[in-house]
């Protein structure tokens, strides 16, 4: 699913509003993923504490949203813009790419809760398409 110029503008506008809370969004989204989809915990067995609000969850949530910030800045060419992250997740971390969609869904949920007035139906569809594009770009090196 390709992003239209209208989608890109909507994502940039929404990111402009939510980026100040990116760390909290990332931590909450990651916490939700680990709780709702417990099979995702297998990637974090080296963490002593996977509970919401733990230091490791907060730190990785911040890293995730740093990747989203990068994706927003590379929105016109997600595949090439996220190639390094794709290689890292494919070759070093060996994350099942299905998990990108799971985390994307959790990000949508958190943004909708934290920014209900800004999360209009139009913003929702544009952010969903964008996160799908990010997931696809991250899965590029798995092929």
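One-based numbering along the chain as shown.
Heads up, the Cβ atoms here are built off N, Cα and C, so glycines get one too.
Pulled from Swiss-Prot:
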MOD_RES   2  N-acetylserine
DOMAIN    2-143  domain 'Globin'
BINDING   60  O2 binding site
BINDING   89  heme b binding site
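Residue counts of the domain 'Globin' (2-143) by helix, strand and coil are 110 helix, 0 strand, 32 coil (DSSP-based). Counting every protein chain shown, the Cβ of residue 60 (O2 binding site) has 18 other Cβ atoms within 10 Å.
Long-range Cβ proximity for residue 2 (N-acetylserine), meaning a same-chain Cβ under 8 A and a gap of 6 or more residues, is found for 133. Per-residue confidence over the domain 'Globin' (2-143) averages 95 (mean pLDDT, predicted model).
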